[in-house]
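**Q** This is the structure I have questions about; it appears just below.
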Amino acid sequence: MGVYRIRVSTGDSVYAGSNNEVYLWLIGQHGEASLGKLFRPCRNSEAEFKVDVSEYLGPLLFVRVQKWHYLKEDAWFCNWISVKGPGDQGSEYTFPCYRWVQGTSILNLPEGTGCTVVEDSQGLFRNHREEELEERRSLYRWGNWKDGTILNVAATSISDLPVDQRFREDKRLEFEASQVLGTMDTVINFPKNTVTCWKSLDDFNYVFKSGHTKMAERVRNSWKEDAFFGYQFLNGANPMVLKRSTCLPARLVFPPGMEKLQAQLDEELKKGTLFEADFFLLDGIKANVILCSQQYLAAPLVMLKLQPDGQLLPIAIQLELPKTGSTPPPIFTPLDPPMDWLLAKCWVRSSDLQLHELQAHLLRGHLVAEVFAVATMRCLPSVHPVFKLLVPHLLYTMEINVRARSDLISERGFFDKVMSTGGGGHLDLLKQAGAFLTYSSLCPPDDLAERGLLDIDTCFYAKDALQLWQVMNRYVVGMFDLYYKTDQAVQDDYELQSWCQEITEIGLQGAQDRGFPTSLQSRAQACHFITMCIFTCTAQHSSIHLGQLDWFYWVPNAPCTMRLPPPKTKDATMEKLMATLPNPNQSTLQINVVWLLGRRQAVMVPLGQHSEEHFPNPEAKAVLKKFREELAALDKEIEIRNKSLDIPYEYLRPSLVENSVAI
């Protein structure tokens, strides 16, 4: 009983407002009241009004929302609704929404503090939780894009997605405008791309046009240098292949006359300074055929040594695995003729591009994040604190992945047109890479320890990833401790357990044999798992994504395809090198897609800076505030460090890390 002050916030995207009328009801623990027709929401605004309620409501639990139209449906994007009352001394309640209100269906928004099923001992939200999840499970269904790969949302086009998972208008316009620019550039450059082969490495400058970064310029000038080649395994676009050697790889069969190399490798191994990058996943993958022309793949092994000054130098490259009964493949070294050594390094760089895009970027970034997104929508109601914690980091992931499946890795998509793994090989590689997707590999403290990278002063990816993980983990623990006081509370939360099980057993297709948990038994284990989810959707994806425009724009440093087989003899010439590297048309397509995927986004939310307030309670706000302060401090620390580096490492600066997989 008394006067309630109502505030309603509408989103700022182009079509967030609505000409339709909005009706509201207040639902309290002891009663409910219809507020009637109140307003027509305007974009990027707050509506405020007071309503005299005659009923006694008690503590508020929900706001019920219904939009009504007479002639034309006009969707409304509601941010939140705030209610204070009764009277000026009454409590203030916030009801987060952050979704589209469509048609005339009724939407119940629970009060925003959030609670677990264990905390909801009176069952005040029980029916709402069950009804919301039932509706969500019908909207968000698992799909299987290709047999043998992890699951995805059941949507073959953007129109199949629930509207809340689609790009909002500003994001959509910016993304599609970039696609148009890339297509126009390909058409404009087509006449000069009709030649079948570049004549010299300098010819790649024809497609190295405006839009590149300062780092891409550095790559163009330094890509032949051995130290620069080795640096990329530590801090380049794909720092996920390198590991410290604990023994000489079994595949490393030395041809006659290479006893000195073997002795050198043994010596580096004893000192603990021997490292390897093994691209064995590419072995046996069928190479693409582009415009009736056979393309080629290799499965290189690179052996590198760590110098006292921190430089990582390549000392041996084997391009193919030995075959039983065949002559061992050649091992290339820096002592070989310069053209042979350069060609071998080009093969490694091409192989690294294939694994980067398919394993490190698509699988470990996009597809795994999509599993988290679908499972979260299916298993955690909006009132659940873990839903509130995760949902800002799942924004736009489903749509960007639908676009990837329809434009990039589909039949006649980008991979088929220009990548040596296209034409079906990319699907086989995804399946093989999925078999090596372990839980520990998604957790930097475990992954970096397993790969022996924690004590390398010049591995800035490792340093920044570990620090960022620790900041995220403290944030997750801070939020988690507000809602789970004991390990038993974790075990008794059947929604949380169902979510974890659905990720591991269904989305990741039985990943428990690769270390993923099917249940969460303690607060520490749950926080580790949730930190892994957030890190994967933010920092890990950005560490792989942000380097594309730097490292892949100069085509010889990351050839999208190779047009001659891997060399079996050491007799390379410039003509052979140029006949192997991508032709003009392939080069143009590569840099256009690299620009589209790797450019800095005009519509981008930095890590932790989401405007949505899913936790309106002061305790949770304090945890988020501390998280943002720690991110700002780490960002400043990295900025200061980078000033003293010859090559700044910025891919894990919190201000550049995107808050979700949205590109």
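Backbone N, Cα and C atoms are what each Cβ position is placed from, and that goes for glycine too.
Checked Swiss-Prot, it gives:
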type	residues	note
BINDING	His361, His366, His541, His545, Ile663	Fe cation binding site
DOMAIN	2-115	domain 'PLAT'
DOMAIN	116-663	domain 'Lipoxygenase'
**Q** Using a Cβ-Cβ cut-off under 8 angstroms and a sequence gap of six or more, which residues of the chain neighbour Ile663 (Fe cation binding site)?
**A** Phe175, Ile400, His545, Leu597, Gln601
**Q** Would you list, in sequence order, the residues of this chain other than His361, His366, His541, His545, Ile663 that have their CB within 8 A of the centroid of the site's CB atoms, where the site is the one recorded for Fe cation?
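**A** Neighbours found: Leu362, Gly365, Ser542, Ile544, Leu597, Val661.
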**Q** Sequence gap of 6 or more, C-beta under 8 Å: which same-chain residues meet both conditions with respect to His541 (Fe cation binding site)?
**A** His361, Gly365, His366, Ala369, Glu658, Val661
**Q** To what whole number does the mean pLDDT across the domain 'PLAT' (2-115) round?
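**A** For the domain 'PLAT' (2-115), the model's average pLDDT rounds to 95.
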**Q** Helix, strand or coil at Ile663 (Fe cation binding site), per DSSP?
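**A** Note: Ile663 (Fe cation binding site) is coil by DSSP, not helix or strand.
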**Q** Sort the residues of the domain 'PLAT' (2-115) into helix, strand and coil with DSSP and give the three counts.
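**A** Taking each residue of the domain 'PLAT' (2-115) in turn, the totals are 0 helix, 68 strand, 46 coil.
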